Structures are given as C-alpha cells and as structure tokens.
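J.: Here it is, the structure, as structure tokens.
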Amino acid sequence: MGPSPSPPQPPPPLPATGRLLVLYASQTGNAMDAAERVVREAERGGCPAVDVLSMDSFDPSCLPGERSVVFVVSTTGQGDPPDSMKGFWRYLLKKDLGARWLEGLRFAVFGLGDSGYQKYNLPAKKIDRRLLQLGAEIIIEIGLGDDQHPSGYEGALDPWLLSLWESLNKANPSLLPRITDIINPNLNYLGDSKIEVIYYSCNDTPPDSIVSDSKKLIKRARLMSPALKFHSDGEPQYMLKMVTNQRLTKEDYEKDVRHFELEDPSSGISYQVGDALEILPSQNPSAVNAFIERCNLDPDCYITIRAKGGDEVPNGSLLNGSMGRIKLSTFVALTMDVASASPRRYFFEIMSHFATAEHEKERLQYFASPEGRDDLYQYNQKESRTVLEVLEDFPSVHMPFEWLVQLTPPLKKRAFSISSSPLVHPNQIHLTVSIVSWLTPFKRTRQGLCSTWLAGLSPNEENLIPCWVHKGSLPPPKPSIPLVLIGPGTGCAPFRAFVEERAAQSARESTAPILFFFGCRNEDNDFLYKDFWLKHAQDKGVLSLKEGGGFFVAFSRDQPQKVYVQHKIKEQSARVWNILCSGAAIYVAGSSTKMPADVTAALEEVIRQKGGEAASGWLRKLERAGKFNIETWS
C-alpha cells in the first residue's frame, strides 16, 4: 500500500545462455516465497547465474536484454495487481513498444490467486498476454496457483516447476547442467545460509552504537533483516498513543469490533480521507522470550547481520561496524514473526538437516517432499502453526540463528482504513477494527496478532504505536460530487471518514448529497456507529433525504429471509438512478468475498432497468473515469 523503495539498478545482463531472471510482485509475501523457491531449485540444478528481484526493483526498459525470465505474480483485492507491479505494468502498456520489442525473450508466468473470486489470477493472466503481444516467446503455459486447492498455491506450483525445468533444459541444456538434482533432490545435502550473524557481548558494544530512540531502533532492526529487504519504509512516520478503545458490538456478541482513536499529542498528522494506516504490531514478550530460550540464544548480546562474504547487510543498507549493532532480543521482537505466522515448506526442509532424533528427521523430510505436501498443509497452514510451535514439536532440532533469521516469516505491518477526517481530527486517526479470532480444524483458537494487541491496549498508557500513513485505494472525493457509498460491516470505516469530512465541508460551502448503504447482522448486536449515521441522516445532514441523500441499512438476520446491501440498493433504485444521473461517484468497501460482485450486479440491474440499453457500460465508464472504486480485505 505504501510507496515503493527507490529501485536499485538491475544487475548487468549476463550472456543470453547464462542467466535466469526471476521477477515477482508480492503483496503479502507469498509470491516472494514462491519466487525464492524458483531460485533455489535453479541453483540446485546448476544454473550458472540466477537472480531474483521485486518488479519495482527492476528497470522494465532492460527487459529486451534478458533471455529467460520467470514472472511470479500475486493478486490483491478484486483482481488487482500488487503495488510493486503497478509501475512495471504501466511501462509494458506504453504505446511505443512494438510487437517485436521482446523478440528473443523467453518467459514463463506463475500466478497466485483464489478461484473463489471473479477475477481469478487476473494480473498474471494480463502480464502473460501482454508479453506475448510484445513478441516474447512462452516457455510453458501460465501456472495458476489457487488458495482453494487442498495444498494452497503449491498444489499447482509443484507440477508447473517440473515442467518449467524440463522445458528450459530441453531448449538449453547448459542452463541446468544438474537438472537431475532438481527432479530427485538429495535431502541430505545442506547448502550454506545466505547471511552470517556476528555476535558481540554487551562489553564489546560502544555506547554510541546503542540506539534508544524508538523510531530509529525500528528502522535499524528492519533494515538489517534480510526477510524485509522489500518491505521496509524506514522509521515510522508517527508514534501514536491510544486514547480511545471502545467496543462497538454488544458485549456478549460473538464478534468484537472496536473503535480506536490514536493521537499524536505533540503535532498534527498528515492524512486524507481514503488513506490507510499501517501499524507495526508488538509481539507478546513471553513468546519472544520462549523462542530465544528454545533456540539457546543469548537475548542480551548484540548482533550485526550481513550477506555471506560481504560487508553489508543483505538489503544494501550501510549499517556496518558498531553503528550497525542491535540487541538480539530487540531484533527478534521487531523483525521475526515467531508466534503468529506459519513457516514455509523450505523451513521444514532445513529443519530436517538439524534433527538429531531419527523419527523427527524422517517426518521433516516427508513434509518437505512432494508426497508430504498435503499433510504438511494440514499440519502447518490449516492449523496456523507458528514458528515457535513447530520448533517445540521437534525438540531435537537446533537450527543455527543464521537459518532462523533467513527463514522465519518477517513481522509485517498491518493496514487499516482510516475512519476519521483530518478536518475534524487534525491530530488523531480513528480506526474501525474487527478483532480477529478463529478456530482451526482441530478446534485450536487462533488470534490475529495486530488486532488482538490493539484491543489489549489501555487508553493513555505509555505504549506508543509505530505507524505509517499510506494512500489507500479510495480517492478522496471533491465536495461537489454526489456519492453512493456501500460499506457493510467494517467496510463502513472509510465512509465514516467521508461523511464526517463532508459534514465539516458543508458548514462552510455547498456540498453534494450522499447515499449510504450499510449492512450488518442484527440491529441490536452489530449496528456499528448507529448514532453517528442517524445524526447525519436528520434534518439537513449530509445523509438526509431532504438534502437528496439517504441512509439505508440491511439487517441480514433480523427476519426469516436474509437481506443484504444489494437488496436495499434495488429497493432504492429510483434514488440510486437519480443520484447517478447527477454525476455521482460510487465507492464500495468491505469483505472480499461475494459482496463486491453482488453489489456490482445490483447496480448494473438498477442502471439497466432505469436507463435501458443506452445505459449499458455505465459502470465501466465510471471506473475508467475514477468514479467507481472498490476496496476490499479478507
């Protein structure tokens, strides 16, 4: 969601036969993991040179100089490309790139998506089609990873990779001289880790290398982490204090949704409605301590991390010498997700090399094999096993810290839609957050790291929350543009900000009306911000019928038949059509399940009924004009 890091210069192209380039576009890290697996297998097969880069770190004008490229592309929202792909994709769409621009380039594309969505793997399909249009030659057909598969995306990745290696070897045997090592890997062979950790005692660490400022400490730790090389935004923009932590749903209701107010007591916060707030959560100190103890590490020693054989940390930051030292326990707490995220399959493969108990070694090798893939998926991903839990399940394993740093999932920031207006709250940001909790297939309770941590913070405590403001996917509307807002559940969050802002604007200038469709299960249990909406729907409020607006609620479980926001849109078809005819923009936010598709279908039905054939393609035109925007989350 945030600005991309400055793109480094791509490595100079090697001779056509000598290099395999892997470019990935990842939002949550899955595509990066898949890309790194492509690289590992290529290296195992003896590829003379293989490089992996995020798409926003590669200059697309250099693409014609490559000969073999693998693209690994994930999907976000409703079929949108990841942020790191957007600049690359814009370049590929340039009109002056001819049909022979990529002549001589051979490529393969693997997409990661979810077949439960209408635009399944759309970014991967689009890049595959565009590369063909520009004259590139396909190595093998596009691979489509599916979250719905019993083994997740790896269910498609395994056979696709085998086909990729066989096709590359057939065309150019010198690219993979040891292809048999890919097809029949020797699980007893352990390569080197890509990083090394240098340890210092407290006494060996000069006082001037110890950072006490929280912002600088976070920046130092995360710059040093090899797993966060494309995820670091530097030091937090703000360290905010929790001043309000209010439950919005009924106390005994199964869903816990909170209203949080975060404040910078010393200055204003620069943001717009439609923006998102990214938060770096704190891990439970007892979990961090348990991980350090399980791995026999010294929590009080200081460390520096650098690339093997190099004098810099892996992402090129100049944190060397004493100025690059950080306490081990601090590094783990700020960069390594030890008690929330599940490790990848490669983690189990490396674990097997350090298991001293034979039965543990056999089980880990089985998990790392193609035959054990489905069982690993059930044990690991479906059960949301954490790194700490996995290590505790295999007590004979003692992995060196270098491997743990390299393979433990990174501690990632979480993004939330902002639900306040800076016109009304210049030094505050409000959030509407569902506290995540679920049961695994074996009935183990799991909790979301960030939402649970936020819910446990007491207002006005000393805890400060590291935050970054990023542009969201809902552009702030001009006061003169009428709005149709559709936001069931916590999808109402950005629209609380829209309504609050327009109300403030209407006090000093003429503003256009708003139609808002909200949905929840029950009026008594989860009618979020009920008093806020009703206040703005009265008299001359921005949601009032008198002013041409309206507020309509679908309570899905308060009657025998289920009623959703799409039903309310059809009920109010005349109002919807009238406001659309006056130039309204449409905004949709909420769960990325069926809701966006159902809402879009309802709007299309209203437009077809009221506008006839002349109105066909209305929504597509609005979308092209930037007036039909959807923001979803899982």
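Including glycine, each Cβ sits where the backbone N, Cα and C put it.
Where the annotation comes from TrEMBL, it is an automatic prediction and has not been curated.
Here the structure is a predicted model, which means the values were calculated and not measured.
What TrEMBL records for this protein is below:
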DOMAIN    20-165  domain 'Flavodoxin-like'
BINDING   Ser26, Gln27, Thr28, Gly29, Asn30, Ala31, Ser74, Thr75, Thr76, Gly77, Asp147  FMN binding site
DOMAIN    235-477  domain 'FAD-binding FR-type'
BINDING   Arg414, Ala415, Phe416, Ser417, Gly448, Leu449, Cys450, Ser451, Trp633  FAD binding site
BINDING   Thr490, Ser556, Arg557, Lys562, Val563, Tyr564, Val565, Gln566, Asp598  NADP(+) binding site
J.: Out of Phe416, Trp633, which of the binding-site residues is least crowded by other Cβ atoms within 10 Å?
T.: Trp633
J.: Which number gives the other C-beta atoms within 10 angstroms of the C-beta of Cys450 (FAD binding site), all protein chains shown included?
T.: 22
J.: So what sits near Thr76 (FMN binding site) in its own chain, CB-to-CB under 8 Å and at least six residues off in sequence?
T.: Gln27, Pro82
J.: Long-range neighbours only, meaning 6 or more apart in sequence with Cβ under 8 Å: which ones does Asn30 (FMN binding site) have?
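T.: Listed in sequence order: Ser74, Leu112, Tyr153.
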J.: Would you pick out, from the binding-site residues Arg414, Arg557, the residue whose Cβ has the largest number of other Cβ atoms within 10 Å?
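T.: Of the binding-site residues Arg414, Arg557, the highest Cβ count within 10 Å belongs to Arg414.
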J.: Hey, which of the binding-site residues Val563, Val565 is the loneliest by Cβ count within 10 Å?
T.: Val563
J.: Which one is it: of the binding-site residues Asp147, Asp598, which Cβ has the fewest other Cβ atoms within 10 Å in this structure?
T.: Asp598
J.: Report, in whole Å, the straight Cα-to-Cα distance of Thr490 (NADP(+) binding site) from Trp633 (FAD binding site).
T.: 10
J.: With Val563 (NADP(+) binding site) as the reference Cα, tell me which of the binding-site residues Ser26, Thr28, Asp147, Cys450 is the closest one.
T.: Asp147
J.: Counting all other Cβ atoms within 10 Å across every protein chain shown, which of the binding-site residues Thr28, Ser74 scores highest?
T.: Ser74
J.: Between Phe416 (FAD binding site) and Val565 (NADP(+) binding site), what is the CA-CA distance rounded to a whole number of Å?
T.: 22
J.: Applying a 10 Å Cβ distance cut-off over all chains shown, what neighbour count does Thr490 (NADP(+) binding site) have?
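T.: By my count, 25.
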